[in-house]
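Swiss-Prot has this to say about the protein:
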DISULFID  72-144  disulfide bond
DISULFID  117-123  disulfide bond
DISULFID  139-153  disulfide bond
DOMAIN    36-155  domain 'SCP'
SIGNAL    1-29  signal peptide
């Protein structure tokens with residue numbers, strides 16, 4: 001009987017530790033510093049200076065993300081004060097780091113010599129991440145009513161101006 005009691009206590013403790021690690025991992029992939037670090041790694045790779053977290057930009061991102069929680073549609077805010085990258089994930093837990101990594105993966109479709117995307121490809125998320133003049137960011141992540149994840153990163157000043165190079 002005592003053996004079963006200790007086994008049950010051990011099992012409960014193990015479940016709690018695993019749950020704590022999972023929560024910690026999830027939080028660790030969504031902190032302001034995680035967003036900043038992911039952006040700055042991409043920027044550093046092309047010799048662009050770092051971004052910093054801006055709480056006023058982040059407040060806008062949070063407000064906009066909350067407004068999308070009802071339908072989780074990838075619709076841009078249209079606010080001219082900010083550049084904006086959006087991400088959506090369903091069927092898995094999309095983290096902020098995942099979103100930035102998806103945007104940065106578009107670098108393979110960007111030709112810096114011609115300042116164009118490969119035919120039929122998208123690369124504007126990547127160019128916003130590395131846009132030299134966009135030096136302040138704020139990002140937010142929400143769980144939508146349908147269970148999917150919506151992430152926005154906003155950039156100040158905005159980038160992706162037609163005919164201009166990101167770096």
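In case you wondered, yes, glycine gets a Cβ from its N, Cα and C as well.
Per Cα geometry, 153 is the residue among the disulfide-bonded residues 72, 144, 153 nearest to residue 117 (disulfide bond). The distance from the Cα of residue 153 (disulfide bond) to the Cα of residue 144 (disulfide bond) comes to 16 Å. The domain 'SCP' (36-155): residue composition by secondary structure is 44 helix, 28 strand, 48 coil, according to DSSP.
Cβ neighbour count for residue 139 (disulfide bond) (all protein chains, 10 Å cutoff from its Cβ): 28. Within the same chain, the residues at least 6 positions away from residue 72 (disulfide bond) whose Cβ sits under 8 Å from its Cβ are 88, 90, 144, 145, 146, 148, 149, 150, listed in sequence order. Neighbour list (residue 123 (disulfide bond), Cβ cut-off 8 Å, at least 6 residues apart, same chain): 106, 107, 109, 110, 117. When averaged over the domain 'SCP' (36-155), pLDDT in the model lands at 98.
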